[in-house]
């Protein structure tokens, strides 16, 4: 077995660290927007939860139209600085700027009519989602051209998740602390974190594209959509991801759990922190767990664990904060693997598409991953806020104190815990019913795809004599 050694890596240690740090900065902006922007809308700008939920979902409809077009543009591009690197260099500026605009000008907006506030929120959030899509797909695809070695690519795609989690933790823990220290001044707080975002994202300039594919045909939007529709495993993983993550209302509801149930906004950081910290602790063991159990069974176990712990937390109730945090930590640890192996499922689906149809669209495939993540978060945010409105949640303006009814608090608790249980149950069914792309099958496909590439037949669909029925 040919194992790639560290000294033979095409990339240097500094280059890999620079690549990983891009994701630290990117996910810092991502978690701040997805976790705190809806709170800013409802508690500072005075926009109702139902309207905010609608904005989140409409933005995802826009993404569904725009993301495939962006993927096509990226696939067709051949800029002077490379195929993917110029896009992420541009993103190091645009993502922080749009993040500032999403939270900015609160004092001016409070003096404006409600309709103008809603319009500003919708437009800036829609633009942020578009810019973020242009930052995500090429950054994942960059790993496929930084090195020709499969083992090195796997390391790049796996280790970036650790830095992503660091960025997420920095956001969920640090943002409320700084916001409180600035007396709830969102403009100053977001400027601080946007500068940090820029510094880390800009470090990707030290990466280098080494694998050139000048003769590769440029796909059309129709080809990209066709590669998704005909890839049954990609459709399955997208479906179960949207359902299982779309019903996980932790990010959308946690700020309200802290402020309304526990009467302490600082509790929000603890809730989100104990939900994310276990991912860093579990991440180093994921490769060994995959080798022993396989990705499918590992994901299935995580779904079952999430269901059981969510039900336990719900029926135990919110009366004891320490017990709630302890149970949440255990739930996060047992259900952490999907966060780490998510990209690997999409990589496997890409190998299947190449094996079955002779096509290989890196940027397009990872664009589907980005779109899936955004749709899931939009559903969890939009549906979560709609459900919150349905149980009688009362919004406030400029941070005014509003006391929620007990009916609302009970509904909030149920949404937070029972949503993930239902979603994981449905995801478990889809996983074992429609996805059987095991490690053994993927290895066979990778070997066959590499064989075709060596003999110059990578663009042809070759019927394999393998006993695997695609």
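Yeah, the Cβs are placed from backbone N, Cα and C, and that goes for glycine too.
The transmembrane segment annotation in TrEMBL covers 20-41, 47-66, 87-106, 118-135, 156-179, 185-204, 233-258, 270-290, 297-317, 323-347, 375-393, 413-435.
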Criterion met for the transmembrane segment (20-41) and the transmembrane segment (233-258) (at least three Cβ pairs under 8 Å): yes
Distal contacts, the transmembrane segment (323-347) - CB-CB under 8 A, six or more residues away: 140, 157-158, 161, 165, 234, 237, 241, 244, 270-271, 274-279, 281-283, 286, 289-290, 295, 298-299, 301-303, 305-306, 309-310, 312-313, 316, 365-366, 368-369, 424
Interface check, the transmembrane segment (233-258) with the transmembrane segment (413-435), three or more C-beta pairs under 8 A: yes
Seg_contact(the transmembrane segment (185-204), the transmembrane segment (47-66)) with at least 3 CB pairs under 8 angstroms, min sep 6: no
Selection from 47-66, 87-106, 118-135, 375-393, 413-435, the stretch that has most Cβ pairs under 8 A to the transmembrane segment (297-317): 413-435
Seg_contact(the transmembrane segment (87-106), the transmembrane segment (118-135)) with at least 3 CB pairs under 8 angstroms, min sep 6: yes
Two-stretch contact, the transmembrane segment (118-135) and the transmembrane segment (47-66), at least three Cβ pairs under 8 Å: yes
